[in-house]
């Protein structure tokens, strides 16, 4: 024989034994791998069945769907079924609080504007997303507060509202222009006017924006919304206002505080450490009480700060202190080499912090940040203690209504679902965000 | 002709510990200097003082005749003449290879993107990885990452390149590809200060080898003299251990 090498031909793979694949295989491996395991499985199924069937029976099967008052419900099914008509009758109040019925469209419009403002952030081919996001955070509050609160316009007030309206109009004009022509609103107008050079184009772009501002200013000054004082605000609306402002405020404030805590300037560092530690070592409820009852004592006579505003400030400060520690954790996870590489390439502190460090830190912090947002959203129920009618206190009010006297469980069940939906959506969105941002960047 | 780098009596303390003890070193323009020495000898500290990642407390550092003042604003244009390559690459993981290279051009030099990308691609070709431009750093091997780091530093068009143990974190096979790029770079007349234990590189490329221990320069000589006839016992001991 010659000494030609033997040829290695790999054997074809056998199929796996049938008992280890498919549904049967999975069940065998995970549910019935041993006798105790099988017992636990059956026990688990039994408990699950008992709990779910009890809930389903109460909430759906035995439930009363039509009744005039609680008495009728009790006569029909006693306590074995839910009395939903009470909740249904109160839904407008659970959502809008004591907001005047004929003005509720203003809340709806306000939130629709918010959604419409945010939509371009998810549209493809829109490039000015950072500017749109910033305009949303900075300008929407003016527009929203006028929609929600209304009242007399002063010149400054009108100017600010018009700023919000202009920013909203610009968001959509520039999004549409970028999707259709690949150009922002300003450059597009400049091209229509046939601008000769960049300088002219920039001037025409700003001119167009100024014209837009004048137009919205005129429109806004024609608006005349009745004042709805904040003591009429309530329900889900109030919960969303407080937590929305808290969320929008706490992230940037937390970043600033965390950077301050790591600062090399002693005065700034001491201030930030004191602030963070003070607010983190006191329960939110104490802070709310403090702001609600004690703050007016310190303020000069005649200066009245709105009760809602006091609660919002308290929530914001509390949330920022927590956020600061989360952000600091994220900043610490970024290796020192990243700062050094940025410095070696000539980047200054602010450039390297905002472009190199924070984008990486914020990405790894997403789970904790959203966890904090969810916590904050649920913590807003505490404002019911200082007499604000958030979703929780509105749901308690159902059982105090003479027609639905004692109806507490059903409204609680209902708002539980609302809280669950909001928190679940937030957490799902954060998981989604994490997946998308992490693409291609894992080892 | 003025020297590219001049260190005069540079001292640096970490708390009570003196890391650099009055170093004097002059690197001429176009010179390739290899710095070696045991760990803790101050060689990394010295190179990091040259581009002010660490601030020295005594003495003067001049780059192309301009003294560093310790004021970030005033030093920035002087330091822009130096590029640095780190032991652990320090690429920005959230940016693609190309973005890593164009980033500083856009933000520090305010260059239009198309121009910056052209420059970046030319340097990526130089380090022989243009095909990886759209990938993220963590998808590359260590050797490729270090070559990107070299390209990234070159994009800023420095006249001096500082290397802080560029191959110490790499597998033997990858060391070779990085050293090849560095040898090529040396051929272009770039001023280079390289902290390394790659004595083969020192022998073939360096104009001068500097040996440091305990924060001092023990001796310095042309590589053929340094390796064949070291004057100090400490140098001999060191060489006997690593060769």
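Backbone N, Cα and C atoms are what each Cβ position is placed from, and that goes for glycine too.
Annotated by TrEMBL as transmembrane segment, the relevant range among A:105-123, A:181-199 is A:105-123. For the ranges A:130-148, A:339-357, the feature annotated in TrEMBL as transmembrane segment maps to A:130-148. Long-range contacts of the transmembrane segment (A:130-148) within the same chain, counting only residues at least 6 positions beyond its ends with a Cβ under 8 Å from a Cβ of the stretch, are 106-107, 109-110, 113-114, 117-118, 120-121, 157, 160-161, 163-168, 170-171, 174-175, 220, 223, 225, 228, 233, 241, 245, 248, 252. Counting same-chain residues at least six beyond the ends of the transmembrane segment (A:404-427), those with a Cβ under 8 angstroms from any Cβ of the stretch are 59, 69-70, 82-84, 86-87, 89-90, 94, 236, 370, 373-374, 377-378, 391-392, 395-396, 398.
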